[in-house]
Amino acid sequence: MALYKQHPGPSNRTAAAGYDENDPKRKAMRGALALPGLLLPLFLVLSRLSISSAASSKQEQVYIVYLGGHAGEKTKEAILEDHHALLLSVKSSEEEARASLLYSYKHTLNGFAAMLSTEEATELAERSEVVSAFRSEGRWAPHTTRSWQFLGFEEGLKGPDGSDWLPSLDKSSGDVIVGVLDSGIWPESRSFSDEGLGPVPARWKGVCQGGESLSSSSCNRKIIGARYYLKAYEAHYNGLNTTYAFRSPRDHDGHGTHTASTVAGRTVPGVSALGGFAAGSASGGAPLARLAVYKVCWPIPDNPNPNIENTCFEADMLAAMDDAVGDGVDVMSVSIGSTGTPLPFAQDGIAVGALHAARRGVVVSCSGGNSGPKPATVSNLAPWLLTVAASSIDRSFNSPIKLGNGVEIMGQTVTSYHVPGNKPYPMVYAADAVVPGTPANVSNQCLPNSLSADKVRGKIVVCLRGSGLRVEKGLEVKRAGGAAILLGNPPASGSEVPVDAHVLPGTAVSAADAKTILAYINSSSNPTAVLDPSRTVVDVRPSPVMAQFSSRGPNVLEPNILKPDITAPGLNILAAWSEASSPTKLEGDHRVVQYNIMSGTSMSCPHVSAAAVLLKAAHPDWSAAAIRSAIMTTATTNNAEGGPLMNGDGTVAGPMDYGSGHIRPNHALDPGLVYDASYEDYLLFACASGGSQLDPSAAPCPARPPPPYQLNHPSVAVHGLNGTVIVRRTVTNIGSGGGAARYAVVVDEPAGVSVKVSPRRLRFARAGEKRAFTVRIEATGGGVERGRFVAGSYAWSDGVHVVRSPIVVMVA
């Protein structure tokens, strides 16, 4: 529930090893609780929990009362008293008002979280100084060795040992602080060693909270801050079950440790996943940067296995984001997204927190979600966020399969178990081996207690993805006595194969290979197969490829802003892991690992966060918008072989899949030109997009604000083109030469659309100089299907830099 005022004026939990993004059973479960999920395969999405219609309107819930921004004139004590006074206006006593307050947001955004009834929240929402009052809900969820080496290879970079590597600049990156909002951290991991690091930056104001299984002295010169937030969570669930989570910043889940080490883990030689897969040196993208951990995600206690899924409440996340800015972070990495229909920006906790962080120069990078390849599924949709899609790297885990008819198929797995004897084993299709009563539509899914032991004992069982967790399918085959699992892709997933550390021998195959295997089973009276051991293979081509699970555009909240913004490695990424969590997170899996392989936009997000850290180190005076622009305009739409980026199903990818393209961190360090935007620009954008003034202390919304596509953004999106639109942009010269520069534009027109850039040349006399230009976009009636997006681009070049912006147009 949200209580939102219109002011005058005209968008993961990524799956741990084994989630399945095409699981209708889980979608139905989430739908029963609330809204369908947006973020999937490997840390499944959580439901939006709402009040029953039969519940009394006097029942108190956690509400966020958002008041805009701080003018910087009041002390924290005075701000707190203002919040108490507002609460007292709807509460019966000062004691009740103070007891109801959970958080007072006082560093950047102005507001508070409190226990309120619907009537009290409505009354507060009607006050002139209140922008919105909205429920804090659990509709949010948490969406390597080779990945950084691969990025370095793409850019032709070499490390000091001769290997392909992305340099972390110099020790100046040790002055940059990255805040990670997630499920906590496992501080004992070698990835978080502080060996060789200098003193903590003097500007740091954060703290290290102790708690269960973690002392306040667990921080060091690498992990310089650690906090945890669960007031809203406990208000909803009436406490925390410490069987499944530590009441401290310690990570019980693994997701937070994985993302933190991806963005800023130290270089650790000789690591691998369970079974020796992906062996090599693990490193974050900014290994010298300092880490500040903000634990905001917790297990869902009413789930059958609370270890599997986490939820994150907006009130807790806003408190963390507010503290992070006050503590002194430079970059925030948020691998978290919402479920259900995206809410207006003023009711979106991450968007509100990130807006005020950007005002202080903090870059906020977020995962885009894991509900692809279905269109219009991307989340974290505000233009002041860096929204990240997921793509592959050049590594696979090949597992040969030899069918009894002589056909050889290449599967993929990181399962350390092997079928004994290296000999043929009989095969059975799961649909032919289920117990009576199993629904026909899921008979091939290997769901819990669905297989007949008499029919699968000692056999390789072929299961298909769809319903249920991938690793749970293996558990069911093991329960029924099967020798191994062979997991086939659904058609939507194409050739993209997330790998798992199954609890028995097993491998996974593409949709086409699954079809070949089933045809063989149906044609043979005695089908057999040999599963050979898996091995790690690098330099796989083509790469990168867009992950099918990665959520796609268009932006359903504001289609005149392209989302996602960028893509980065997110498929089968190795990084540090919590030793309190097994690699599969299944209740019966007691294996302990220090590093684990995961997939999802949760894994791609910290890659972009690390790039932002490197840019902050090199250019500490750049705004958050300039850093976002540098990352977006230097991206590539080609793979490592020079061909176009492809999707996992073999189709050519486009801006709705990858935004501006695949990240190139080294290119971003010297982008040539940037598109800058201010806090006031974002407020004006919000006036046009939904008609809301996000900060009452700022100028009121004009009667006719410029359309949303006029925001000075690094990409151009025009929704509902009818005739001609003139888009205005301004670029700032920050070329490496620092002086005079001349740029010319090259245009790639979308089909059926004319694009004219004026002027076609830009001249700069000095660094920091700005130049404005227009982009005239006109529908030419060239047979373009109405209601369908078409894509093109324009790019400025001075012979050294190429500053590219995608153009996406939907003709009305």
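From the backbone N, Cα and C atoms, a Cβ is placed for every residue, glycine too.
Just so it is clear, the model here is predicted, and its values are computed rather than measured.
For D182 (active site, charge relay system), the same-chain residues 6+ apart in sequence whose C-beta sits under 8 angstroms from its C-beta are P142, D251, H255, G256, T259, A260, V293, Y294, K295, V296, C297, S333, V334, S335, I336. The active site, charge relay system annotation in TrEMBL covers D182 (among others).
Marked as active site, charge relay system by TrEMBL: H255 (among others). H255 (active site, charge relay system) is surrounded by 34 other CB atoms, counting those within 10 A of its CB over all protein chains shown.
In the shown protein chains, 38 other C-beta atoms lie within 10 A of the C-beta of S602 (active site, charge relay system). Per TrEMBL, the feature active site, charge relay system maps to S602 (among others).
Mean pLDDT across the domain 'Inhibitor I9' (62-136) comes to 94 in this model. What TrEMBL lists as domain 'Inhibitor I9' is 62-136.
Taken from TrEMBL, the feature domain 'Peptidase S8/S53' covers 175-640.
Taken from TrEMBL, the feature domain 'PA' applies to 442-517.
Positions annotated as domain 'Subtilisin-like protease fibronectin type-III' by TrEMBL: 710-809.
Per TrEMBL, the feature region 'Disordered' maps to 1-23.
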